[in-house]
There are 2 protein chains.
Amino acid sequence: MKKHNFSSGPAILPLPVFEQAAEAVRDFNGMGLSILEISHRSPEFTAVMEEANVLIRDLLNVPDDYAILFLQGGASSQFFMTAMNLLDQDAKAGYIDTGSWSTKAIKEAQAFGTVETLASSKPDNFTYIPKGFAIPEDLAYVHITTNNTIYGTQFKTLPETSVPMVGDMSSDIFSQPVDVSRFDLIYAGAQKNMGPAGATLVIVRKEALGKVKRHIPTMLDYRTHVKKDSAFNTPPVFPIYVSMLTLRWIKANGGIPAMQQKNAAKAELIYREIDRNPMFKGTVTDPADRSTMNATFVLAEGKEHLNDEFMQLCKAANCSGVKGHRSVGGFRASMYNAMEIESVQALVQVMQSFERKFG
Amino acid sequence: MKKHNFSSGPAILPLPVFEQAAEAVRDFNGMGLSILEISHRSPEFTAVMEEANVLIRDLLNVPDDYAILFLQGGASSQFFMTAMNLLDQDAKAGYIDTGSWSTKAIKEAQAFGTVETLASSKPDNFTYIPKGFAIPEDLAYVHITTNNTIYGTQFKTLPETSVPMVGDMSSDIFSQPVDVSRFDLIYAGAQKNMGPAGATLVIVRKEALGKVKRHIPTMLDYRTHVKKDSAFNTPPVFPIYVSMLTLRWIKANGGIPAMQQKNAAKAELIYREIDRNPMFKGTVTDPADRSTMNATFVLAEGKEHLNDEFMQLCKAANCSGVKGHRSVGGFRASMYNAMEIESVQALVQVMQSFERKFG
């Protein structure tokens with residue numbers, strides 16, 4: 001029996017993707033070889049890379065002057081690579097601090113130039129997205145984390161500025177349309193909406209590169225990977241292949257507009273129940289900031305002792321991965337693209353049955 | 001029909017590993033979830049990481065004061081990371097230049113301290129392993145590439161020195177015993193003897209870390225990964241899982257001594273044929289340096305026009321990946337641990353049939 005997988009990442013992917021991926025591990029495209037043993041320079045895998053590239057360009061309307069890269073090391077490596085490549089020692093960048101990942105990005109960037117935190121919701125445990133802050137015009141870039149998995153918040157509109165942005169979209173890329181032209185660089189660990197762990201997507205405006213004066217090791221210089229189409233060295237073949245299958249699935253299922261609609265319906269369903277059910281309360285203070293990807297909630301006041309009981313009901317109903325991040329506690333329902341609304345309905349039923357039993 | 005896969009990497013892995021990996025993509029350990037969608041902090045995956053760690057420690061007799069890490073970015077990222085972490089600005093390291101990968105390692109290290117090339121076979125197109133060179137005692141480390149996939153050479157004995165070594169063992173780790181205590185750090189891209197592309201093994205003496213004065217980004221500091229057992233951020237779950245399965249297979253099949261014996265038998269078979277068959281000649285000038293992993297050979301003088309004919313015979317006999325690296329041409333038979341001697345016999349038969357037809 002397949003579980004309802006609410007894991008925050010690595011996360012649910014479409015069932016047909018798992019089927020095709022498993023088959024490719026046995027025999028890839030009838031080659032008589034597993035996808036795990038073929039050369040990354042074989043025509044068969046080069047075609048996979050090209051298809052992934054075309055799908056991303058198509059789904060997100062990526063302008064021609066942007067390169068699409070598949071790297072390794074996760075968003076955590078992008079925290080320093082973005083600053084290393086885009087922020088000169090005597091330049092300034094602005095960061096919006098909306099959660100643990102933003103905080104880490106700020107820390108890593110500080111080694112490379114001047115970093116200004118333009119706004120932060122840290123004093124309120126990141127329960128909202130800061131708004132109305134000023135963005136100086138002299139910044140090299142403004143960095144935002146578009147969706148905060150741990151705290152369940154999401155930028156619903158981009159900050160108003162003519163300064164180019166850098167966006168960590170690890171947990172909401174491909175879930176809604178994005179105006180790529182507003183960004184000099186977008187990065188995303190694959191392991192939520194795009195694929196399994198082990199690949200990192202970077203979309204970068206080529207003209208933004210090569211402007212800093214410092215030495216950059218070859219593998220950390222985005223230009224290396226632009227020039228070699230992400231095959232300067234051996235790329236993570238299987239994670240890229242599974243990402244391509246997932247992108248194909250997104251396209252075949254209506255593209256980004258359809259994903260956005262489906263995600264909105266799932267979010268509405270879970271948040272309606274969180275607001276209605278007296279056993280729970282949402283953790284995000286401004287409902288406008290609520291993430292469509294990760295709904296975070298805790299037990300209502302006076303009910304905190306029922307944590308294990310709720311988790312047991314979840315388990316009995318085959319809902320897995322509902323536990324909140326260790327730094328905030330409570331519960332988190334991650335509802336990435338591949339999650340069907342039936343799974344959210346199953347969780348809502350658990351919440352209602354919990355109310356009947358313990359309310 | 002399964003092919004005889006002589007690919008240099010990503011490369012052949014054991015058949016049962018492909019079967020188990022495919023099943024885990026469908027349903028991992030009966031969890032009702034794919035291995036591609038489970039949390040890297042789940043007990044099920046933590047157990048995989050631990051088992052991989054124990055297997056490596058056991059197979060290679062890794063001393064207790066060494067940490068075993070699973071990173072990303074391939075050996076190409078280790079070229080600069082080793083120097084960034086182990087070579088202070090005012091210190092010196094020695095490098096042995098035995099091929100393209102060594103040359104790249106030298107280039108990347110030069111940004112971090114003084115790099116001395118102690119010996120090089122570059123003027124002779126890397127057709128042998130330099131011997132008898134002096135190693136100064138004041139070096140931070142001596143770097144060697146133990147096996148050179150492109151040129152088909154391999155260090156059969158380690159250089160005599162009391163200076164700690166750094167070893168790129170990407171293409172021969174787990175193929176023969178190694179005295180880990182001679183090294184401060186060993187690194188290896190997984191995609192030959194250990195697993196699929198997307199994971200990088202590092203074995204490091206913990207006391208060697210933290211001695212350089214420069215700033216190191218968190219993700220590039222080995223101590224980050226030592227402290228967090230390779231789970232500071234999301235590790236490449238599936239590549240690590242498949243590596244663990246391969247390590248299990250190595251152990252179940254007699255461990256490193258058995259691999260070494262099998263690899264020696266395969267190497268003897270192919271080199272005997274290369275030397276016997278008048279249609280071919282080996283590219284390595286000193287037979288003592290011939291790699292047990294990658295046998296490189298070209299058409300004999302006057303036969304060069306028969307390249308396509310030989311490749312066609314290979315194809316007809318289901319031998320794939322026999323083409324030499326684009327920088328040296330000719331042919332290359334990579335015979336990693338998972339290759340059975342029957343596959344080498346199949347290639348030898350092709351070579352003999354080629355001789356009968358065109359000799």
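Even glycines carry a Cβ here, placed using N, Cα and C.
Just so you know, TrEMBL annotations are computer predictions that nobody has curated.
TrEMBL lists B:5-347 with the feature domain 'Aminotransferase class V'. Summarising the annotation, TrEMBL assigns L-glutamate binding site to B:Ser8, B:Arg41. The pyridoxal 5'-phosphate binding site annotation in TrEMBL covers B:Ala75, B:Ser76, B:Trp101, B:Thr149, B:Asp168, B:Gln191, B:Asn233, B:Thr234. As annotated by TrEMBL, N6-(pyridoxal phosphate)lysine applies to B:Lys192.
In this structure, B:Ala75 (pyridoxal 5'-phosphate binding site) is part of a helix by DSSP. According to DSSP, B:Trp101 (pyridoxal 5'-phosphate binding site) is assigned to a helical segment. Across the residues annotated as binding pyridoxal 5'-phosphate (B:Ala75, B:Ser76, B:Trp101, B:Thr149, B:Asp168, B:Gln191, B:Asn233, B:Thr234), the widest Cα-Cα separation comes to 31 Å. Taking 8 Å as the upper bound (exclusive) on CB-CB distance to chain A, the recorded positions B:Arg41, B:Trp101, B:Thr149, B:Asp168, B:Lys192 give none. Looking only at Cα atoms, B:Asn233 (pyridoxal 5'-phosphate binding site) sits nearest to B:Arg41 among the recorded positions B:Ser8, B:Arg41, B:Lys192. Closest to B:Thr234 (pyridoxal 5'-phosphate binding site) in space, going by CA atoms and restricting to the recorded positions B:Ser8, B:Arg41, B:Lys192, is B:Arg41.
B:Ser8 (L-glutamate binding site) sits 7 Å from B:Lys192 (N6-(pyridoxal phosphate)lysine), taking the CA atoms of both as reference points. Within 10 Å of the C-beta of B:Thr234 (pyridoxal 5'-phosphate binding site) we count 22 further C-beta atoms, all protein chains included.
Taking only the Cα positions, the spacing between B:Ala75 (pyridoxal 5'-phosphate binding site) and B:Arg41 (L-glutamate binding site) is 26 angstrom. Separating the Cα atoms of B:Gln191 (pyridoxal 5'-phosphate binding site) and B:Arg41 (L-glutamate binding site) is a whole-number distance of 24 Å. The average per-residue pLDDT of the prediction over the domain 'Aminotransferase class V' (B:5-347) is 97, rounded to a whole number. Put simply, of the binding-site residues B:Arg41, B:Ser76, B:Trp101, B:Thr149, B:Asp168, the one whose Cα is nearest the Cα of B:Lys192 (N6-(pyridoxal phosphate)lysine) is B:Thr149. Between the C-alpha atoms of B:Trp101 (pyridoxal 5'-phosphate binding site) and B:Arg41 (L-glutamate binding site), the distance comes to 34 Å. Taking only the Cα positions, the spacing between B:Arg41 (L-glutamate binding site) and B:Ser76 (pyridoxal 5'-phosphate binding site) is 27 angstrom. By neighbour count, meaning other C-beta atoms within 10 Å, the densest spot among the recorded positions B:Arg41, B:Lys192 is B:Lys192. Its own atom aside, the Cβ of B:Asp168 (pyridoxal 5'-phosphate binding site) has 28 Cβ atoms within 10 angstroms in the protein chains shown. Cβ contacts within 10 Å of B:Ser76 (pyridoxal 5'-phosphate binding site), excluding its own Cβ and spanning all protein chains shown: 23.
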